[in-house]
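Student: Just passing along the structure, written as structure tokens.
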Amino acid sequence: MSADSSPGSSSEPHAENVARERLPNTSVSGVLGESVARVATDPRLALPFVVAGLVLTAVGRLRLRDPIPTTMPDLAGDMTVRIAFHLYPSGLRVTGTRPAALVDLEPGYLAWAVGSELAAFLAVGVAGWLTLSRAADAGWGVRSPGRPLVSYLGFVVAAKIFLRSLAVFDGLGLFAVVGLVVFAVVSVRLFAAPALVVTGRGLGAAVRESARRSVGEGATVFGLVVLFGLSAWLLGSVPVVGTFLSTAVVAPIHAVCAVVFVKSTGERHR
């Protein structure tokens, strides 16, 4: 038997080289470490979410004082654990509005409720678009000619609708487990989608490519989803400043992680 055909002489070293080349870039620690380093090196990546955090905090405080019914998430200390992951970079809001609460409102209150929700939506949406765009420019060294804000906002709206639809599974026993599994699978498959939308893909193309890039990386992406979700929930549970902290700290790192993940998996999808 020749040396070239002996077991482990050619194929195994090649496999080891591939593993050494790939794993550091797509592990949880690798993606997260590079993302934190980028934000620390370029603090302007976090600035849009600092502003968004201030807007969300102000909206939340004002909404608690008006007579319009609001929803509040389960926070730390409520004998429950929550993964506050929204499919796009965001923090944890302490107040929300159900569509049913808008029925029969006086025009003034209706305008205030809709306006405040729109302000919160735009603050997070524009912040995500700006941070993802800046991270993509720095990460790939070129400016993408078209990064439509409208497409990114459309993705945020679609994500909100999907997450609201999962609420039907709450409190339904085994069906709640089904909802949790669906949430986990979709969160993993769409992790890269925000970065792909911002770099010029259409919504459908971004979703399909994100799903392809997640193949073989499920454990890494799921680890990031849980990490960001728990971090946003814990920081968001801090009294008074929780919304600001979860938005200003977790959201920019989530955004940069999406870009780093796309870059790390790019060689296999060209």
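Just so it is clear, glycine is given a Cβ too, placed from its N, Cα and C backbone atoms.
Annotations per TrEMBL:
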| type | residues | note |
| --- | --- | --- |
| COMPBIAS | 1-11 | compositional bias 'Low complexity' |
| COMPBIAS | 13-23 | compositional bias 'Basic and acidic residues' |
| REGION | 1-23 | region 'Disordered' |
| TRANSMEM | 45-64 | transmembrane segment |
| TRANSMEM | 109-130 | transmembrane segment |
| TRANSMEM | 175-197 | transmembrane segment |
| TRANSMEM | 218-235 | transmembrane segment |
| TRANSMEM | 241-262 | transmembrane segment |
Student: Counting a contact as 3 or more Cβ pairs under 8 Å, with residues at least 6 apart in sequence, do the transmembrane segment (175-197) and the transmembrane segment (45-64) touch?
Tutor: no
Student: Give the nonlocal contacts of the transmembrane segment (218-235) in its own chain as ranges (CB under 8 Å, at least six residues past its ends).
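Tutor: Long-range Cβ neighbours of the transmembrane segment (218-235): 26-28, 31-32, 73, 75-76, 81-85, 90-92, 184, 187-188, 191, 242, 245-246, 249-251, 253-254, 257, 261.
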Student: Same chain, outside the transmembrane segment (45-64) by at least 6, Cβ under 8 Å from its Cβ: which residues?
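Tutor: Here the qualifying positions are 38-39, 70, 89, 91, 93-95, 97, 116, 119-120, 123-124, 126-128, 130-131, 134-135, 241, 243-249, 251-252, 255-256.
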